[in-house]
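Undergrad: Below you will find the structure I want to go over with you.
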There are 2 protein chains.
Amino acid sequence: MTKTKLSLLMLSLTLPGYSVADELREMQKNPDTWVMSAGDYANTRYSQLSEINLDNVQDLKMAWSFSTGVLRGHEGNSLIIDDVMYVHTPFPNIVFALDLNNDGAIKWKYEPKQNYDETVPVMCCDVVNRGLSYGDGKIFLNQADTTLVALDIETGEVIWSDKRDDPRTGATNTGNANVFKDKIIVGISGGEFGVRGYVQAYDMNGKTLYKAYSTGPDDEMMVDPQNTTAMLQPIGKDSSLNSWQGEQWKIGGGTTWGWFSYDPDMDLYYYGTGNPSTWNPLQRPGDNKWTMSLFARDLDTGVAKWIYQMTPHDEWDYDGVNENILVDQKIKGKMRQMLVHFDRNGFGYTMDRATGELLVAEKFDPSVNWADSVSLKTGLPDRVAKYSPAANGEDTQTTGICPAAHGAKDQQPATFSPKTGLFYVPTNHICMDLEPFEVEFVAGQPYVGAEVNMYPATKDNMGNFIAWDAREGKIVWSNPERFSVWSGAMVTAGDVVFYGTLEGYIKALDAHNGRELWRFKTASGIVGNVNSYKHNGKQYISILSGIGGWAGIGMTNNLENDSDGLGAVGAYKSLSNWTSLGGVLSVFSL
Amino acid sequence: MTKTKLSLLMLSLTLPGYSVADELREMQKNPDTWVMSAGDYANTRYSQLSEINLDNVQDLKMAWSFSTGVLRGHEGNSLIIDDVMYVHTPFPNIVFALDLNNDGAIKWKYEPKQNYDETVPVMCCDVVNRGLSYGDGKIFLNQADTTLVALDIETGEVIWSDKRDDPRTGATNTGNANVFKDKIIVGISGGEFGVRGYVQAYDMNGKTLYKAYSTGPDDEMMVDPQNTTAMLQPIGKDSSLNSWQGEQWKIGGGTTWGWFSYDPDMDLYYYGTGNPSTWNPLQRPGDNKWTMSLFARDLDTGVAKWIYQMTPHDEWDYDGVNENILVDQKIKGKMRQMLVHFDRNGFGYTMDRATGELLVAEKFDPSVNWADSVSLKTGLPDRVAKYSPAANGEDTQTTGICPAAHGAKDQQPATFSPKTGLFYVPTNHICMDLEPFEVEFVAGQPYVGAEVNMYPATKDNMGNFIAWDAREGKIVWSNPERFSVWSGAMVTAGDVVFYGTLEGYIKALDAHNGRELWRFKTASGIVGNVNSYKHNGKQYISILSGIGGWAGIGMTNNLENDSDGLGAVGAYKSLSNWTSLGGVLSVFSL
Ligand SMILES: O=C(O)c1cc(C(=O)O)c2c(n1)C(=O)C(=O)c1cc(C(=O)O)[nH]c1-2
Ligand SMILES: O=C(O)c1cc(C(=O)O)c2c(n1)C(=O)C(=O)c1cc(C(=O)O)[nH]c1-2
């Protein structure tokens, strides 16, 4: 019997309120483990460990390392459960169980067989995978080819698997599976191929419970015209259909490839939807609901409680999929159940997560220029015509738009410290020129319809790592970075905040003031997320290196033209002076 | 003007005895740099640095790391010259110049274009490359496809290149180019394809000066029947031709893929020749001279001074290519100019490097059983019929032969400490069953003619790391290892000896007694060699990780059958429980 099983057994004896179906709710409280991608349901990525702290972080040193044997972008982070670390790779999505009691020797390895030619060419932004999940004695792998696999945690053997979609239509997967209570929630990628986004819920045995689309008829979206709200009002009948011309919604994107969070007390989970397809806004008049939106859904029924569209009728590829961090703080003297979301469009949103009320919406990067502000009343951004490709028309280049299509922040997740009350956010500081053009839809073919060129917003400063006060919508401090910060951050009870850089540094800053306390050059550029755990009473910090993701696509795919890689290649050209492809887990301790 | 250029200029002003043509002779004396593969002409791999020593080595920690972006076996080691580190990779043989003043940022990168399909399939033992060399302001890369390239040390631009052989005939390259004084000496691989071995000398501008074969007519071998000696006697006319049946010597192997050393006072360089082809001994009666032999050649004329054949008429693939370490020690009260060679066949040879006199020949692994001893008078091994495939005949399996075809030591180079007077030797402790069979020669096709299965000589102990006294031919201490030690060792003036293991550990032992003082688990299994340098007054230790080479071929080539990979797969099967493919440079300091 493993320790987990034992402790759960004891839990269920001592805490009658929690059934085994809630095991994750308890496990995430143990700071020695890292039991889900974000560390907790709330997506705070906060570690309660404080052995490593402001006084000694400069003595941090590498404890051991592990090459995954795969190159290209290593996003996400490992899980640590019962002295075993679970490490995943980008395509081909290998899973390693590493024995922490034996210097990381390989306990088991699972390597799925996926069709390369069907899958890899239709992945928009490198062949990344954002991680594994745990539940009910199983490790869940969400493969690139949309197969969800449940592996026996002890042996790595397949318990069940389900291929839920077809990469030949452009549908792929990069997100992790999300285990919430007794369900597994998965999303889908393919917004650059006209894939219609959805979330799908499974039970622990692989049975599909429901599927809820981002766009289309109310029933297929699992919305209730009367009781599902937006800006505190019922959304009404056919809210999505009414916001599209004809049947464009069927190929209209709104994919669901980002991070999911969950409030077990409200039994609501939160996620965002991606860009409307095609990127060319003139081919899809209307608000294109509910792309670019945050959803709050009831875990058990799947029905949406509320929706909020950040960027109606997107013109810039500002996917709304970034994480939603759930914390309770006082705003203007009143305790609020907050949801905090740093959107690609450059606004940091603070909402009431029970109701979807918009509390704060402010720019978290000073370069943002496509909109002047967001109205807290209507929820609508106040657009600047000069930076509107829709206003400027097809086959016309709109220049100087900030942020670029990468957004002021992409998938790289932020972290929150209950001690400082601040959010720590890896950001992009890049702008673009964009020229939309007419594109025809062919299933399984790119459906982009825009030529993009990205470049730094400020010379030699393509990113910042910032501290953010979500109660007021203010930057507290900001550390400039040479490149976009494409790595997820973690803050600890030691008041140290960690993140990685595209050059390959892992850095530790003082959470109070952003002062750099320590850095280490890892094997390759970092697009993975930092986490922490304790083993034999000692705190460890771990991070995956391996340059890639959309920012690193020039390197992973050997692209040369500035506008290749959906416009990203030019901006990140000098990355290859700093680092080289890799796939290495680095573990640090005092 | 770089520091090197400056210091050389000063040298030529102050030391009229040395011309620029001898720059390496001076540069290798500077312990802060690592200017050639083995650190010095004598191949001692000794570092005079002692900041890291017995008292503090347990505090060693990783300073930085660098992923090469290439998987598979990373043999060899970096060079360090004037604050720049030069790192090479296995096929496709990328070269990186890393700026040590900038945490290893990439100063320049050179990536040759080589024909994969022509080259990789005819490399016997993974696509390794053993390193770069420096001379005359150039970095020399000896590519897999047999192209020798001279790169501008400042820019990485190609100054000249010469493709000297044809992979379509099975001729490839894994060895480093050897710069000795004003010449570059290169060898060739392909003993498993019937390639006729040779060495080739270039001047610094890429002009071929001579080419000397291992087998064949005297003039093509550049031997002088009267003045070239073996066992102190003239070899006589047609010494090679007389030892082969018919024209078998033309496809008879004797390749030259190992390490070369040089004595600048004698102007002699030393290297060994590989196995006679085919492995089936019954297809090539005779001594098969001068395969399996050590050569001492005059650098300028190319003419052989002496030759010594360790394994006449080889029956086990005991290539004679291992390094020859040149040291002066007292033997029985008399100072000798020694050459010390740990042969694949399991005997450690001590010779007089001026004359080729055989001084000592003793087993350096206790399992060696194919011969009882080697006569110091005749130089001949005393074979044991039971372990002779030739005696047992074709299509008959000879079992329990020790060592296996990997030898009691393969290419992994040993190191020598002038302080302790001992050699530190990474060894194999493996045996095999071998069954020879008739094979037909087809140019460019494998010409092996034997089925081999390797296995540990002792359960859970496939290698040892030993200290050896070459004056007496005695093991001083021996540390058991789970796997063969396929990494090159380095001993320092701090009396610490370093080496890597196939699981990926770099270890530091007390040179006096072999006690383990420190270990660190690097990203992947280690088949590279340790070196050391000083930067800004601080000592660093560096090592390449990346499982591969013949020992790792099951992993690099995804082989499953025990007898695949020329018999290596079965023995190393459990390696994949310990490590995974990679290509990472790790740098350590206090
Ligand atoms: O619309 C989509 O379906 C989709 C999918 C993905 C993905 O799955 O990685 C990305 C994006 N869009 C995207 O817009 C984007 O900026 C992006 C960055 C990355 C990354 O991992 O670096 N993926 C994606
Ligand atoms: O006969 C040859 O030409 C030849 C070449 C090589 C090589 O070039 O790597 C090896 C061998 N033989 C060989 O016998 C051998 O044990 C071996 C080990 C390795 C290695 O790098 O791990 N290469 C070679």
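Heads up, the Cβ atoms here are built off N, Cα and C, so glycines get one too.
Annotations in TrEMBL come from automatic prediction, not curation.
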Undergrad: TrEMBL records A:Arg130, A:Thr174, A:Thr255 as pyrroloquinoline quinone-binding residues. Which of A:Glu75, A:Glu111, A:Glu154, A:Glu220 is assigned to the same site?
TA: A:Glu75
Undergrad: Determine which of A:Asn142, A:Asn242, A:Asn275, A:Asn369 appears in TrEMBL for the same Ca(2+) site as A:Glu192, A:Asp317.
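TA: As annotated by TrEMBL, A:Glu192, A:Asp317 share the Ca(2+) site with A:Asn275, chosen from A:Asn142, A:Asn242, A:Asn275, A:Asn369.
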Undergrad: So which recorded positions out of A:Cys124, A:Cys125, A:Arg130, A:Thr174 are up against ligand 1, CB under 6 A?
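TA: With ligand 1 as the reference and 6 Å as the Cβ limit, the list reads A:Cys124, A:Cys125, A:Thr174.
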Undergrad: Measuring Cα to Cα, how many Å separate A:Thr255 (pyrroloquinoline quinone binding site) from A:Asn275 (Ca(2+) binding site)?
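TA: Rounded to the nearest whole number, the Cα-Cα distance is 7 Å.
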Undergrad: In Å, rounded, how far does the Cα of A:Asn275 (Ca(2+) binding site) sit from the Cα of A:Arg130 (pyrroloquinoline quinone binding site)?
TA: 19
Undergrad: What is the three-state DSSP composition of the domain 'Pyrrolo-quinoline quinone repeat' (A:487-541), stated as helix, strand and coil residue counts?
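TA: When I sort the residues of the domain 'Pyrrolo-quinoline quinone repeat' (A:487-541) into the three classes, I find 0 helix, 33 strand, 22 coil.
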Undergrad: I need the nearest neighbour of A:Glu192 (Ca(2+) binding site) among the recorded positions A:Glu75, A:Cys124, A:Cys125, using C-alpha distances.
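TA: Going through A:Glu75, A:Cys124, A:Cys125 one by one, the closest to A:Glu192 (Ca(2+) binding site) is A:Cys124.
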Undergrad: Averaged over the whole of the domain 'Pyrrolo-quinoline quinone repeat' (A:487-541), what is the pLDDT?
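TA: Reported value for the domain 'Pyrrolo-quinoline quinone repeat' (A:487-541) is a mean pLDDT of 98.
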Undergrad: Measuring Cα to Cα, how many Å separate A:Cys124 (disulfide bond) from A:Arg130 (pyrroloquinoline quinone binding site)?
TA: 15
Undergrad: What's the CA to CA span in angstrom from A:Arg130 (pyrroloquinoline quinone binding site) over to A:Asp317 (Ca(2+) binding site)?
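TA: Each residue's Cα considered, A:Arg130 (pyrroloquinoline quinone binding site) and A:Asp317 (Ca(2+) binding site) end up 20 Å apart.
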Undergrad: Take the C-alpha atoms of A:Glu75 (pyrroloquinoline quinone binding site) and A:Asp317 (Ca(2+) binding site) and report the distance between them in angstrom, rounded.
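TA: That comes out at 21 Å between the alpha carbons.
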